[in-house]
Amino acid sequence: MASTSNTDRVIDAGMIKKAHPEQTPPDVSHEGDVATEKGDSDGVEQAAPTGPTDGTPWVTGIKLVMIMSGITLVCFLMLLDTSIISTATPRITSQFHSLPDVGWYGSAYLLASASLVPLTGKIYQNFNTKWSFVSFFAVFELGSLLCGVATSSKMLIVGRAVAGMGGSGIQNGAFTIIAGCVPMQRRPALTGLLMGFAQLGIVIGPLIGGAFTQYTTWRWCFYINLPIGAVVGLLLFFVHIPEQLPKPKGISVVHIILRKLDLVGFVLFAPAAVQFLLALQYGGNKYAWNSSVVIGLFCGAGATFVCFILWEWYKGDDAMIPYSMICRQTVWTSCVVYGFLMATLLVASYYLPIYFQAIKGVNAMLSGVYILPSILSQSALAIISGALVGRFGYYLPWSLAGGIVSSVGNGLLTTFTPSTSVGKWIGYQILLGAGRGAGLQMPIIAAQNNLPPPLIPVAMALIMFCQSFFGSTFLSYADVIFTNSLRNKLKEYAPEVPPESIIVAGATAFRKAVPADQLPGVLKAYSKSVDYVFYLAVGAAVATFVFSCGMGWKDIRGNEPPQPSGDEKV
């Protein structure tokens, strides 16, 4: 694979100098700062990420445990928040008489989060990492509080939007913190540990939400974030988190806000993202895909995005998304790979429960238990692969293997029928989860290993945006595939049943609206439609394999910069 060019290295040095004129750029030929990659065909030396610049050594021991526990809990809560509301929604709509607002309970969070994510990269690049992370989490907690005390559906939607604003900077902030705390070869293990445990929030969210809704009140779906947030505050408040590059202090912060955050770029990007996501939300649901509203939103998003690209090109290295960074093969392929990975994860997370609830006839809580094999195997492989990458140094084999295994796993899901045995759906899910887990963190490691410290926060933000963008897009595609297929298959397998009555009834209530003699045909139509959705996931998994080839064959075990001496506290 092509390694970073000399031109890119010169650009990196220029960006560091431009961002911090009081410092000289790092000597790219210094032995301690360069790791020569033997596997590169051109033998070009690769600048290795530097360590903390605030005079502190890498974080170890109990302080590292406290930091990792804190950021893992925060990421867990954020992912829990995305799924816990699903089982509480029926009770919420009954209390507020707000069935037409159901879509906004999820999309308000998504719109606010996706539109802010790129700006969070500039925030972490220019401001104190620890306090930026804590601030985003505080906003997330405020949103949770607003949702918990909501007295109307509109107040709940506002609370979800506020929580989304806070959530926009949590994951990329966690990855940036890990990059500043430990050397490169230790990051895969810690990143895998964080992602492995945090993503348990996705699967246990519906279980906890169902329990709260049934035995206490749906408001505890949001209140639960508050006491855990207090624990996180105690874990992080008194621990120093090293910085990978100098950050401004005092009055210079005002200069950074005005000149370095690229607020114009944000003002152009945010409406483009919101219009695009709204078009996906409305299309095929509230409005037809060929309606003037949906077409207008797509056109508005495209026009605004063109203006955003032109502005970013004009801003150069001070742009919210620097052109010199996004043109790097490792960066853009990492973004695409992570986006496709999240697409496969979300498609399975949404449609496996539909298979179990609609076709197998189980309730929401039990369907959450039934998808545990994929989530647990994913978490286990994320932790194991991270440890092994740190030990042997190469991330690309894991990403390629993950794409292959995930493709096979999704392919096996397309064979599901109403009579699929327990052993098969457990085994297929284990294979699927293992494939996703093996490659889940590799795009993050690839980007961090190939970028200088000033660009790591921006790259993490861009990768997180691709997570939202690809996830939303593929879920919309999946919805179109499922709905159209269900209409066609109902005509084939249950011709006496009106397709629209089944679609309107929903995945859990259609059994009551179907005559007993027609139910087997309806179940078969449902099963075939879910199978077609998994074909889409197969395509996304294959794409992760293809684009992984561009992430580069690099050994992360390069020489680290000399550690600062002294007995300063971490």
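Each Cβ is built from the backbone N, Cα and C atoms, and glycine gets one as well.
Annotated by Swiss-Prot as transmembrane segment, the relevant range among 392-412, 476-496 is 392-412. The 10 Å shell around the Cβ of N290 (N-linked glycosylation site) contains 8 further Cβ atoms across the protein chains shown.
Fewer than three CB pairs closer than 8 A are found between the transmembrane segment (131-151) and the transmembrane segment (425-445), and contact between the two stretches is not assigned (pairs 6 or more residues apart). Sequence-distant residue pairs (6 or more apart) of the transmembrane segment (99-119) and the transmembrane segment (65-85) include at least 3 whose Cβ atoms are under 8 Å, placing the two stretches in contact.
Reduced to three states, the DSSP call for N290 (N-linked glycosylation site) is coil.
Listed by sequence, the residues of this chain that lie at least six past the ends of the transmembrane segment (221-241) yet keep a Cβ under 8 A from its Cβ atoms are 56, 59, 63, 66-67, 69-71, 73-74, 77, 80-81, 84-85, 88, 129-130, 133-134, 137, 140-141, 144-145, 147-148, 159, 177, 180-181, 208-209, 212-213, 569-570. Contact between the transmembrane segment (425-445) and the transmembrane segment (533-553) holds: at least three of their C-beta pairs are under 8 Å, each pair 6 or more apart in sequence.
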